[in-house]
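What Swiss-Prot says about this one:
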type	residues	note
TRANSMEM	11-31	transmembrane segment
TRANSMEM	38-58	transmembrane segment
TRANSMEM	106-126	transmembrane segment
TRANSMEM	163-183	transmembrane segment
TRANSMEM	206-226	transmembrane segment
TRANSMEM	243-263	transmembrane segment
TRANSMEM	272-292	transmembrane segment
TRANSMEM	301-321	transmembrane segment
TRANSMEM	336-356	transmembrane segment
TRANSMEM	379-399	transmembrane segment
TRANSMEM	410-430	transmembrane segment
TRANSMEM	465-485	transmembrane segment
Amino acid sequence: MNFVVPDFYPATAEIFVAVMALVIMLATTFARSVARGLAYGLTLVTLIGAAIITYNTANPRAVTTFSNMFIGDLLGDVLKLLIYFSMAVALLYGRSYLADRKLDKPEYYVLALLMTLGMMVMVTSNHLLSMYIGLELMSLSLYALVAFDRDSARGTEAAMKYFVLGALASGLLLYGMSMLYGATGTLEISGIAKSVYNQAANDTVLLFGLVFLMAGICFKLGVVPFHMWIPDVYHGANTAVTLIIATAPKLAAFAMAVRLLVWGLFDVAEHWQTMLMFVAVLSIVLGNLAAIAQTNLKRMLAYSGISHMGFMLLGLLSGVVDGDPHYALDAYSAAMFYAISYVIMSLASFGMIILLSRAGFEAENIDDFKGLNKRSPWFAAMMMFVMFSMAGIPFFIGFFAKLAVLQAVVAAGYIWVAVVAVLMSVIGAFYYLRLVKVMYFDEPADATPIQAPAELRVFLSANGLAIAAIGLAPQGVMTLCTFVLLASTQP
């Protein structure tokens, strides 16, 4: 038996993050007096270093290593860069919030890095086993982060719900993967694609496996009918953790959906498209209608996120029409653009909640934003940009994300789906505009001046301005998405 030494070069960033997570654990153990600041600083250095390594090791052509378990392509590289950026911004936004509550412990940052490593493995997986390992590493880190505040009964309850439902979803996903292996005889995603294309797979077992696979993907995206955990976890976790849950994992879940469904099961698209269609429509309808009744902003954004993920799925399901992949590139590019847009908007929305929160006070109710324009006209404008963008009002990034997806849906011939999506967007605009009305036309319930670190103010301002700026010139990001997906094909 010959042992082939794998090529470590494409996976340098993953190895670097894993090593740095161990270094931070050891360093903070022996430097207790400066452990909190040291862990935070080293974590940001790690994310910046990983970004530099990923950029320098990027390959325009797809390469595989570790017995084809790891794939290095532009899709993985770009999503990893976005994950680093999202995690760095989330940690920066949350630092003062955590410090006020004595939660900025080294373990928090180690868990954040391990979660990042899990997402990196997910987006670069060409094998069902490595995909599952990355998913579990991300999930277990998230469970611990949700329960990180041991004095919060609400957080502990949310973590328990998240863990139980997450374990169930992981079991369903693993069962689906085992059935795919039974149907195709391989665990490699590229091998599964070849087996399905050559009609060498057992169709009955394959379709059963696809159903369980879809259940796992839908849970990680937080869409109907696997959405039950989203509102409770968003509400129960402290806002710094909610910010993390609502952003980077969505990019990893998008990558998982693309790798498994588009790359691996493209030739049975007519089956998973039908499932995705009903899931997406139900998510858009339920998400928007449920959000209207919410008075807690975190729960409102949770239901809003369910709706947004439904929109993203519309892009994925519109790629193939009657076996013709003519519009596939445009549709999948629209879905990727939507995922990126949602992450940018979520960073700003939860960042604003953190900005208005202080020790002993959580600004998570809609009434807490009353009269914000009188307290801070600048940040009221930033929050207005976020709400307008999420509502899909021209000319913000959210408008063009929805427009791109709707164009793909119409091109695929799903006119009734587009009509429902537009109608729900109009209805959903109510709860976004309600917050704008509260900020500009109600009297402030709290006249306390906004106190926040300079870096939070600067980055949050840049975040809000980016939502408007990309909305004015979205073509650059759309072109990037198209180029990345065009260059990222199975080797």
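Glycine residues also receive a Cβ, built from the backbone N, Cα and C atoms like all the rest.
A quick note: this is a predicted structure, and the numbers were derived from the prediction, not measured.
Among 38-58, 106-126, 243-263, 301-321, 465-485, 301-321 has the largest number of CB pairs under 8 A with the transmembrane segment (410-430).
Beyond the ends of the transmembrane segment (379-399), by six or more residues, the same chain brings 304, 308, 341, 344-345, 348-349, 352, 355, 369, 372-373, 425, 428-429, 432-433, 435-436, 439-440, 450, 460-461, 463-468, 470-472, 474 to within a C-beta distance below 8 angstroms of the stretch. Simply put, out of 106-126, 243-263, 301-321, 301-321 has the most Cβ pairs sitting under 8 Å from the transmembrane segment (272-292). Beyond its flanks by at least six residues, the transmembrane segment (106-126) meets 10-11, 13-14, 17-18, 20-21, 24-25, 28, 35-36, 38-40, 42-43, 46-47, 50, 64, 68-72, 75-76, 79-80, 83-84, 87, 91, 98, 133-139, 141-142, 144-145, 148, 188-190, 244, 248-249, 251-252, 255-256, 259, 490 of its own chain at Cβ-Cβ distances under 8 Å.
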